[in-house]
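The feature domain 'Potassium channel' is assigned by TrEMBL to B:71-151, B:192-264. Look at TrEMBL and you will find B:1-27 tagged as region 'Disordered'. If you look up TrEMBL, you'll see B:68-86, B:123-143, B:186-207, B:240-261 marked as transmembrane segment.
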Number of protein chains: 2
Amino acid sequence: MSTDGEKSITVGLLRPPSQSDPKRKRFRRCRSAPLSEVLPGEINAANGPQTPPSQSIFDNIHPSFRKVATYLILYLAIGTVCFYLVMDQIKGEKVNAVLDSVYFCIVTMTTVGYGDLVPSSTSTKLLACAFVFSGMALVGLTLSKGADYLVEKQEILLVRAMHMRQKLGPSEILSELENNKVQYKCFMMMGFIVVLFLVGTVFLATVEGLDFVDALYCVCSTVTTLGYGDKSFSTKAGRVFAIFWILTSTICLAQLLCYVAELNTEKRQKELVKFVLTKKMTNVDLESADVDANGIVGAAEFIIFKLKEMGKINQDDISLLMEEFENLDVDQSGTLSTCDLTLAQS
Amino acid sequence: MSTDGEKSITVGLLRPPSQSDPKRKRFRRCRSAPLSEVLPGEINAANGPQTPPSQSIFDNIHPSFRKVATYLILYLAIGTVCFYLVMDQIKGEKVNAVLDSVYFCIVTMTTVGYGDLVPSSTSTKLLACAFVFSGMALVGLTLSKGADYLVEKQEILLVRAMHMRQKLGPSEILSELENNKVQYKCFMMMGFIVVLFLVGTVFLATVEGLDFVDALYCVCSTVTTLGYGDKSFSTKAGRVFAIFWILTSTICLAQLLCYVAELNTEKRQKELVKFVLTKKMTNVDLESADVDANGIVGAAEFIIFKLKEMGKINQDDISLLMEEFENLDVDQSGTLSTCDLTLAQS
């Protein structure tokens, strides 16, 4: 959201040469970009009485990330209490009641499901079913909101590091980032995953005493949420580590897959944009582009026509806005003036 | 893709009253919608020499679905051969070498990972790791292409069934479908999942001889890919059933989660559209909306401004197309004519 804003501000409106047209003086000059992807609620909050700026770390965190983190902590707290209370109805390798509850909760919510701890009574089985469904929903929420936010925060550092020799300025970094946003997210996530793989393998080999192949096999089986369960975390230290490592690594891999999908979509979109731009414009196109049917195709009409060809907007969007335009254009002149606005909105 | 086309054709261009403007006669009238979301490759194929229409069932299937199905069959074939060859290095409950190979392949690729069959040698462990990663990618591909196509095919039937008493005509069904597309996809998928739940539970209770709660628990544990493995398919009939049922049910649940996420995005988008439409237009807005800086805000400029506020397009799209417009506008008149096109494109 913030990068969108920054982009619009730095790029500004590309205007044709007629900058000094006297008619323009009717409007007050403004370079601020329109609000994009801001929800009504957020706008109202911004317009309301301003709260004094606070320097607490929690306040500096993005609201959507804060929400996800709150849900996650709440989920784990409830899960731990529930499974702690029924721990005698869960059979398997146990090391410590509280630790096992959190561990079982994590293994269930991420759908790793080793099976080293399994519910043995009817009520615990149903409880596990309830927790796996809500856990999946929560992991989905984390993927769409939390992880993305964290990756975005790191991107600038990555771009700077990757172009160290070229000494990019801040604006060059921003534009490099804008053009290859998803690609950098992919790199970033791959980097995280490599680190998590290494940490997991080394930990399993040293603390859990597995040989190298078994450690790698257990890491793969966990990260992908496969969880055969023949190799898992069975020591006290192992389960403490597992709680953090399983949650992070499964979410990171899932997020990487999301980014790869996004990259594919973006590639298709770019191909389409290129195709639309290089496609010859025919007289038939010219007629379709004439939105206000006055026989002239201006710059804005041309832009709308091409955006439609690119699939970014559709006819419904245009019809809806055309209606709105006609409501505002009180004098039916085919153009909006300050006078129209005053009359229509009073 | 096809529905997009249909919509544009049925809705048509919404034109203001000045339909009989004499200047319009310059352009040849054409109601066909511009190509949207069609890839360059597909367009070239359509323009190339036409292949004679074939009535084979395989040809009637959407190309992207055919691709996914081919990959899936190829993956399962290779997986089955590989695991069949190393079946003596996989330990656990076995019923039949070929069947167990396919079953192990499915349980691995969907990341259910019961653990009732586990690799016991170094090479099989590494093989399983390779197969789970490629399987995940393949399931992702299925989610984005294949499943969506299958659901779309069923939607019209669902809309018809849900509005049986109102006797909707074909065009009403299409518009109802357009407006609530994702919602119908969700309903459809929920319906599939309920059926798959029932079939799975009944099967496990009757063929595998589990009691009702255990059957439901095993179904939940499988569909979510949790797969603790304390309850799984251990009979010959069970494994045959599992091969089809696990693949279908895990993909359906994952696809449902995708649809729910899509529904959320759409809801946010609709809220934003509503907000942008009801928001008062100020003089500052009027100046920002003036794309060609001629002091007049026409219908098309108004539409572009509002689309930008809605976040559907951004300044980069506009700048890119503005440049293209200036290249085409040879006489620098600020409008495109057939003459401009002839000069610019020759």
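A Cβ is built for glycine as well, from the same backbone N, Cα and C atoms used for every other residue.
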- Message: Are there residues at least six beyond either end of the transmembrane segment (B:240-261) with Cβ under 8 Å to its Cβ atoms? List them, or say none.
- Response: 99, 102-103, 106-107, 110, 112, 139, 142-143, 147-148, 151, 182, 185-186, 189-190, 192-193, 196-197, 199-200, 203, 207, 219, 222-225, 232-233
- Express the predicted model's confidence over the domain 'Potassium channel' (B:192-264) as a mean pLDDT, rounded to an integer. 92
- The correct DSSP tally for the domain 'Potassium channel' (B:192-264) reads 56 helix, 0 strand, 17 coil
- Task: For the domain 'Potassium channel' (B:71-151), jot down how many residues DSSP puts in helix, in strand and in coil.
- Result: 61 helix, 6 strand, 14 coil
